[in-house]
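Scroll down for the structure; my scribbles are underneath it.
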Amino acid sequence: MEGCVSNLMVCNLAYNGKLDELKESILADKSLATRTDQDSRTALHWACSAGHTEIVEFLLQLGVPVNEKDDAGWSPLHIAASAGRDEIVKALLIKGAQVNAVNQNGCTALHYAASKNRHEIAVMLLEGGANPDAKNHYDATAMHRAAAKGNLKMVHILLFYKASTNIQDTEGNTPLHLACDEERVEEAKLLVTQGASIYIENKEEKTPLQVAKGGLGLILKRIAESEEASM
């Protein structure tokens, strides 16, 4: 079968966008709507992955559980947010998807939205109660991801929703450390103007300025001094 991702026919139909065939199968056997495959995924997981909004809406109308997790702890919301499925994220949230659910890495849907620069989805999640400072198993937040990836608008969005700039991950790095290390100049400058400390040391006993390359460290030092002087 085209696009065979699952050992369950109903999941393959969901992934391939075969709405009519899916409806026919489920109406003949309602239990198929919630049956799990080799990855502990349901038809809803696979429809979210492939972005088939009509199939997602059909399944949600049937009342399928929205918070079931696959064998890696991914909920349909994780999958839709990571894949950039705006309309599906909206539909899942309306149906009560748990916005702060974590997968086996400790990541929320917001971690993936921030990492993959999904602006509208990040706003929907935050408006829906997502914790902007949620930490994964490495103590990294969405801000760590946005800063490291150079997603400037995402940094702005997270700041608007009061995300902290000085949380340290398991390596002792703040988002500013990561922005400096990856030479994300505009992101680093923005973080410093919004209260990110240039003095916090990571586990290698390095501050963001010591991690910064080229002339970035000097630029950040001047910004920080200017901010301190105006306080």
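From the backbone N, Cα and C atoms, a Cβ is placed for every residue, glycine too.
Just so it is clear, the model here is predicted, and its values are computed rather than measured.
Pulled from Swiss-Prot, these are the features on record:
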REPEAT    3-36  repeat 'ANK 1'
REPEAT    37-69  repeat 'ANK 2'
REPEAT    70-102  repeat 'ANK 3'
REPEAT    103-135  repeat 'ANK 4'
REPEAT    136-168  repeat 'ANK 5'
REPEAT    169-201  repeat 'ANK 6'
REPEAT    202-226  repeat 'ANK 7'
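Listed by sequence, the residues of this chain that lie at least six past the ends of the repeat 'ANK 2' (37-69) yet keep a Cβ under 8 A from its Cβ atoms are 5-8, 10-17, 19, 22-23, 26, 30, 75-77, 79-80, 83, 85, 87-88, 91-92, 95-98, 101, 103. With helix defined as DSSP H, G or I and strand as E or B, the repeat 'ANK 6' (169-201) counts 16 helix, 0 strand, 17 coil. Shown for the repeat 'ANK 3' (70-102): DSSP residue counts in helix, strand and coil, namely 17 helix, 0 strand, 16 coil. Per DSSP, the secondary structure of the repeat 'ANK 5' (136-168) breaks down as 17 helix, 0 strand, 16 coil. Within the repeat 'ANK 2' (37-69), the DSSP-based counts of helix, strand and coil residues read 17 helix, 0 strand, 16 coil. On the 0 to 100 pLDDT scale, the repeat 'ANK 2' (37-69) averages 98 in this prediction.
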